[in-house]
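J.: One structure coming up, written as structure tokens, with questions to follow.
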Amino acid sequence: HPPADTLQLCVGCRCLIFQLAHANAAPRNLRGFLLDHRVTFAGFWNHSDRRKLENSWLGLRMRTDPVDLRLCTETDGGWNLKRASVNTIVEECLGFEVEQRKEIGISDWDEEFLSHEQVEYATVDAHCAFLIARDCKVWNFRD
């Protein structure tokens with residue numbers, strides 16, 4: 001797994017985009033937060049995120065793999081969303097539309113300065129993941 005270039009976190013309405021590829025070190029508080037047993041991390045299509053963080057040059061460790069929200073959400077009709085896009089999951093679970101463009105998601109995230117579109121993409125992704133995780137009580141899905 002290639003290393004992670006950025007780490008996007010959201011708690012409530014506060015989002016953090018940490019550029020791992022350009023950091024001299026990881027703050028001790030961040031390392032502790034990632035290992036905190038009281039915290040459940042969640043996101044979309046994130047099956048390799050833990051290994052990517054470990055492979056970053058900062059060697060960040062997470063206590064457990066983050067919960068993949070695709071696996072614990074479903075439509076009102078009972079259809080699971082495990083093959084759905086972030087856009088579809090957000091619309092089904094939160095009732096509003098977002099446009100997470102694939103070309104931004106696969107763009108160069110190790111640039112020294114992220115583009116406005118990259119910052120928006122990362123923030124929307126992290127914030128929507130937080131909202132869905134909260135609404136789905138995702139802490140019930142962790143080990």
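Just so it is clear, glycine is given a Cβ too, placed from its N, Cα and C backbone atoms.
Here's the feature list from TrEMBL:
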- 7-132: domain '3'-5' exonuclease' (DOMAIN)
J.: With helix taken as DSSP H, G or I, strand as E or B and everything else coil, how many residues of the domain '3'-5' exonuclease' (7-132) land in each class?
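T.: Split into helix, strand and coil, the domain '3'-5' exonuclease' (7-132) gives 51 helix, 17 strand, 58 coil.
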J.: Could you give the mean pLDDT over the domain '3'-5' exonuclease' (7-132), rounded to a whole number?
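T.: A mean pLDDT of 92 is what the predicted model shows over the domain '3'-5' exonuclease' (7-132).
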